[in-house]
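Database features (TrEMBL):
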TRANSMEM  32-51  transmembrane segment
TRANSMEM  72-93  transmembrane segment
TRANSMEM  105-123  transmembrane segment
TRANSMEM  135-153  transmembrane segment
TRANSMEM  165-184  transmembrane segment
DOMAIN    307-600  domain 'ABC transmembrane type-1'
TRANSMEM  350-367  transmembrane segment
TRANSMEM  427-452  transmembrane segment
TRANSMEM  458-477  transmembrane segment
TRANSMEM  576-599  transmembrane segment
DOMAIN    676-916  domain 'ABC transporter'
REGION    947-970  region 'Disordered'
COMPBIAS  955-970  compositional bias 'Acidic residues'
TRANSMEM  986-1003  transmembrane segment
TRANSMEM  1044-1067  transmembrane segment
DOMAIN    1046-1283  domain 'ABC transmembrane type-1'
TRANSMEM  1129-1159  transmembrane segment
DOMAIN    1322-1556  domain 'ABC transporter'
Amino acid sequence: MRLAFCGNDNASAYNITAGVLRNVCFVDALNLVPHVFLLFITFPILFIGWGSQSSKVQIHHNTWLHFPGHNLRWILTFTLLFVHVCEIAEGIVSDTQMKSRHLHLFLPAIMGFVAATVSIVYYHNIETSNFPKLLLALFLYWIMAFVTKTIKLVRYCQDGVSFSQLRFCITGIMVILYGLLMAVEINVIRVRRYVFFMNPQKVKPPEDLQDLGVRFLQPFVNLLSKATYWWMNTLIISAHKKPVDLKAIGKLPIAMRALTNYVCLKEAYEEQKKKVADQPNRRPSIWLAMYSAFGRPILLSSTFRYLADLLGFAGPLCISGIVQGFQNTTHSTNTTEKDPSNSYLSSEEFLRNVYVLAVLLFLALILQRTFLQASYYVTTETGINLRGALLAMIYDKILRLSTSNLSMGEMTLGQINNLVAIETNQLMWFLFLCPNLWAMPVQIIMGVILLYNLLGMSALVGAAVIVLLAPIQYFIATKLAEAQKSTLDYSTERLKKTNEILKGIKLLKLYAWEHIFCKSVEETRMKELTSLKTFALHTSLSIFMNAAIPIAAVLATFVTYAYINDKPLQPAQAFASLSLFHILVTPLFLLSTVVRFAVKAIISVQKLNEFLLSDEIGDDSWRGGENSVAYESCKKHTGLHTKAINRRQPLRYQLENYEQSSRRQTRPVETDDIAIKVTNGYFSWGSGLATLSNINIRIPTGQMTMIVGQVGCGKSSLLLAILGEMQTLEGKVHWSNVNETEPSFEASRSKNRYSVAYAAQKPWLLNATVEENIIFGSPFNKQRYKAVTDACSLQPDIDLLPFGDQTEIGERGINLSGGQRQRICVARALYQNTNVVFLDDPFSALDIHLSDHLMQEGILKFLQEDKRTLVLVTHKLQYLPHADWIIAMKDGMVLREGTLKDIQNNDVELYEHWKTLMNRQDQELEKDMETDQTTLERKTLRRAMYPRESKAQLEDEDEEEEEEEDEDDNMSTVLRLRTKMPWKTCWRYLTSGGFFLLFLMIFSKLLKHSVIVAIDYWLATWTSMDNANDLRNPDDDRSTEKTYHVAVFSILSGAGIVLCLITSLTVEWMGLTAAKNLHHNLLNKIILGPIRFFDMTPLGLILNRFSADTNIIDQHIPPTLESLTRSTLLCLSAIGMISYATPWFLVALVPLGIAFYFIQKYFRVASKDLQELDDSTQLPLLCHFSETAEGLTTIRAFRHESRFKQRMLELTDTNNIAYLFLSAANRWLEVRTDYLGACIVLTAAITSITEGPNSGFVGLGLLYALTITNYLNWVVRNLADLEVQMGAVKKVHSFLNMESENYDGYLDPSQVPKDWPQEGEIKIENLCVRYENNLKPVLKHVKAYIKPGQKVGICGRTGSGKSSLSLAFFRMVDIFDGRIVIDGIDISKLPLHTLRSRLSIILQDPILFSGSIRFNLDPECKCTDDRLWEALEIAQLKNMVKSLPGGLDAMVTEGGENFSVGQRQLFCLARAFVRKSSILIMDEATASIDMATENILQKVVMTAFADRTVVTIAHRVHTILTADLVIVMKRGNILEYDTPENLLSQEDGIFASFVRADM
């Protein structure tokens, strides 16, 4: 057959007698001209690409879209492309009905399609290269296309073609589109004036795009890239090469920064406040504020959502059409050929074509998915913006909270933390889900209407089933939340217990009490597991409902249909309705969740409102205008880089120094040299009762004022009142600075002048390095820093820290002791360059040497030299002579004020009282000189640091070796590791639940999915059979057959529902068993671990396994696993089903499968990194909030609010950008998997139409293809989640491979005499000890003999092996040579438990556990009360315990915090006495107690333990002068071994030198 443009079956086709334009063929040819013209012009330009070299504005992102009407043009072009596709299809369908090929029907349309595509590519390239003159080509194209199409339309009108003809409609639409595009083009010329005008408009790219740090391009890219997240490709592919870090994701665009949104929301909220200002009982509505600030994007998102939902219904309708069409073609094969002159199709005929429907289905799916993802993205972005704004609002409020609110407990820190961590997230989630609230009801109503149309009344039965079962879903969801809460309570309790065990592990091992404590943790764990069981049950019920409801609904519908209607069920109806049911279930299942979130959000908003309306601190205008400054500085330093802030600092300080020097001269003029004056002050803590009354004081400038008085007389309150933290009832505080210069803008810029360096009584540290804590935002000055650290004697402490002053301290950093923290706070106050310094009892936690040093160096020298005004609150009266001015207080009033001389002359009584107190303090001082608290603190610090450090060194060496190896291997191995799923860990996890359950789970899952497939298969055969039988069978056969079909269908459905329940239960059950076993093994492994392990591993690391990781294993892995297996099996069964119906589908599947593999591979890696980033950026933010709330007074005194606010904004933005990228990555994945799904649907449709066996199977194939689109992205996301969650299992397993201590001895416990050791005779023979078999020995060939009942002292420098010897008695260390024989039994032969339970030890650090006193003395509950009281009496504690409520059952708080250190040590002594063993070892037991307690201890040891063998390891030599035998050790060897008298007589002996040094 020859091809001809107008076909060769009609002679009149080329006839132009009636005029050229009357010939249809010629008009179609004319339509080709503009398209060809465009292609000829644009191709050379695109190929040469010379536009890109002449870029006017250099800009690093080629995403700058600056031509007006940009989005409109993209939308119009896409519409144009769609219409072109319709035109091509119409042409081809018309052509199939002709005798010969008529190219003119579709060729111009195809060319038009190509031209439209080229036009948008061309436009995009011109826009990004910014060369607008080239747009003229497009302008000409639109005009020509518009003209030619109009000619065609006019021609149709003349021929009298009506609207019912499709071709007429298409041409009409095209004329409109070309006209609009032409208008857009004219608009660009009008605005940019690039041609026809003299002065073209100059444009500048937006600020974000000029900033190289902004990597989040979603707001700036073109529409296509926006819809498909094309710009994310670079990030996701680069994640494969190297992990994504904060640098890779850059910073937030300005419009999304917390500050921008905060300003928006704040203004809206203030508006609301104004509205209700005159109505006292109404509160400003946060909802309205949120709506006015973020309403527009939510409306946009809802619009997208509606569009997507409506397009979603195209699926079922197309299926119905295709199956119907397929059925018709099989029944009637004869098609009539049409007369060429009447070649116009009507829309109905066009839409009856099966292939057209398949393409339409494909396009509808693509569009629906694009709109859906766009809706998700917009809500996510808005949610993140809202969260940023709310966090900033909360923070701003925290900075202005009145102190009384925090101290009187109206607003606890916990509440504030909840607001930040929970309530803001609740609101954010609500925003994510809120479009569902109004989209879902519409979706449900639409679905029911369509069902009714398809099936009539029986559809309503199915819908009723769904609607009735939906409330049960809601009920289950609420139950779930309850179960989760109780689980949380138990796990908190379990963590507390675990934490105690880990802190006191050494003591537990030495006393052989591990198992008792282990049991108590196991008990709590059992309770936790019980509530986890209910949680799991409800989860599985919820999953079951979700899977079973559609089956039940379908069953009800089709059975009803079979019995109500006479006509058999058509495949078209069946599969369209099945597909509709699938669509309906999702919103109903989600609706319960959304409603729950809405309820939570309402509560959150109430809490937020209460917080935002709570009391604020009074406006203290007397200290300079701070509020104006905060905004200025914030606006200047937006952005993540602190460098930018530091660069601006020096200038401010120069300015300040200049001002200060100019002020120095004006000093004498000031009134009496007074810095602060309080007149007639009455101050309260918000209760209305005056805490301080009638205060009249003055604080002289540049001098030292001391405030003294008893505990609780209001000294600290006075400082806070002066700082403006208390409520002023009457009177005023007058700061002299303000008078002397008006606070002009400059002055308020150098805020430090009004700021007060303040060190609170309770030290407050930031989570930062030591240096940052001291500098606190001032510029670093080395000499000043050194002077301050020396004055506070911090240098020795800093030297002990692993990274010197760059070590992190604070909540998440290293724990410092009270004294060390206090000294850092004092150092911070001294370092700041302020005129006024307030120190609130800086000596309270310091020992006497440090106090003196601080007084001399820091206060008298450093502060007085600078002539700074100092106010010092103190109890140490011996410093009074140094004071220039003294304020004595009593009961919230000022008792006396003046110099020491004044008081000596005027108030002799007070002076005498002070003198006696001073004498008493001096005596204490002498006593104190012997105990030196600081060295002790340093010692504890060293003990905490060094094991870690040695570990760190070991690890570093390992890492270096590994790195070297890695470099020999190439990068590929690392990449392989990053992309590999942790299958091994998964297998470990699955098997830890037991093989039976694993088998049951796999079996039931497979069975369930086979049954579900069988249900649909049966439906397909049933409907197809019915239609075949329809033509032949009489009625009676039909009814029996119907009964048979319905019966099988019902049985299968019932089985399916039961199996759904079984599978969801087995998965959860298996998860629970696995969680139970993993935790049990972990706990037992850790408790039995060698002590060395605890020295090497930081406590936090072990605790993390029990908290975060256990939580993931308990609650997160089972649902993820369930979801993953379900979606995977669904996809597999779908692919199987389609391939069964049409084997050709498998061929098309290969490229799709490859694409899918790569998408998931790249996504998993990037997603994991982004998830980690999101987690790691969240913690600092929460910590910053709680830190601020704790240190409010300090921050406000220093006037550093704006700096902290800036930090908060940075942290929020960092977290938000991570979260934003994470959700963008999810969208990236979903768009891609959805498009793949659409391709699967298209291929399935095409293959089944061409190859399908019967209409039922065509429907089945399409139905399954549609489900794939829903589940593909779940497969990948669950895989990614599982990969992250398996990390927890991996970490737990890494501890499970640890060596345990060897608990079994050679002797059976029954062979050991009951009362061994009776005598207490100890022989140490050639003992060699090391901590681990790869370390050097710590004791070398030690020999000693201790007679029964002897008192032995062991001394030596730190690290000489004294403590190792004491541990060797308990086999806590590795004895690799020699032996210790006690009462004739070699201890290495004993079972560990027996050995340790028969000896007693008192450790250096007194450890008490939370519980009763009885439990602390005797956890095994073996002793009578008399025995316990006897022990307490010996330890001199009897009277104290008697006075406590409950006596022996009085509670001990965690760590024994409710007793002093001395009392705790005495409890430990009592504990050792309760255990009647004949050998007692005291390991530096007197190191941490005062003289008085030590004397008690010594006495007790001499009397109560007279007949027992006591080995004392001495901290101070004088404690062992009375011993029977002294052993002096050095470097693991015994140097001297004799009685103390003999050793002292050797003048040059080591012991003698020790004693001399100690005197």
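Backbone N, Cα and C atoms are what each Cβ position is placed from, and that goes for glycine too.
Taken together, the residues of the domain 'ABC transporter' (676-916) have an average pLDDT of 82. Sequence-distant contacts of the transmembrane segment (986-1003) (same chain, six or more residues past either end, CB-CB distance under 8 Å): 1063, 1066-1067, 1069-1071, 1073-1074, 1077-1078, 1113, 1117, 1282, 1286, 1289, 1293. The stretch with the most CB contacts under 8 Å to the transmembrane segment (350-367), chosen from 32-51, 72-93, 135-153, 165-184, 576-599, is 72-93. When Cβ-Cβ distances below 8 Å are used as the criterion, the transmembrane segment (135-153) is approached by residues 21, 27-28, 30-31, 33-35, 37-38, 41-42, 45, 67, 112, 115, 119, 122-123, 126, 168, 171-172, 174-175, 178-179, 181-182, 185-186, 188-189, 194-195 of the same chain, each at least six residues removed from its ends.
When Cβ-Cβ distances below 8 Å are used as the criterion, the transmembrane segment (72-93) is approached by residues 105-107, 109-110, 112-113, 116-117, 119-120, 123, 166-167, 170, 173-174, 177-178, 180-181, 184, 222-224, 345, 349-350, 353, 356, 359, 363 of the same chain, each at least six residues removed from its ends.
Taking Cβ pairs closer than 8 Å, the transmembrane segment (32-51) reaches residues 107-108, 111-112, 114-115, 118-119, 121-122, 125-126, 129, 131, 134, 137-138, 140-141, 144-145, 148 in its own chain, all 6 or more past its ends.
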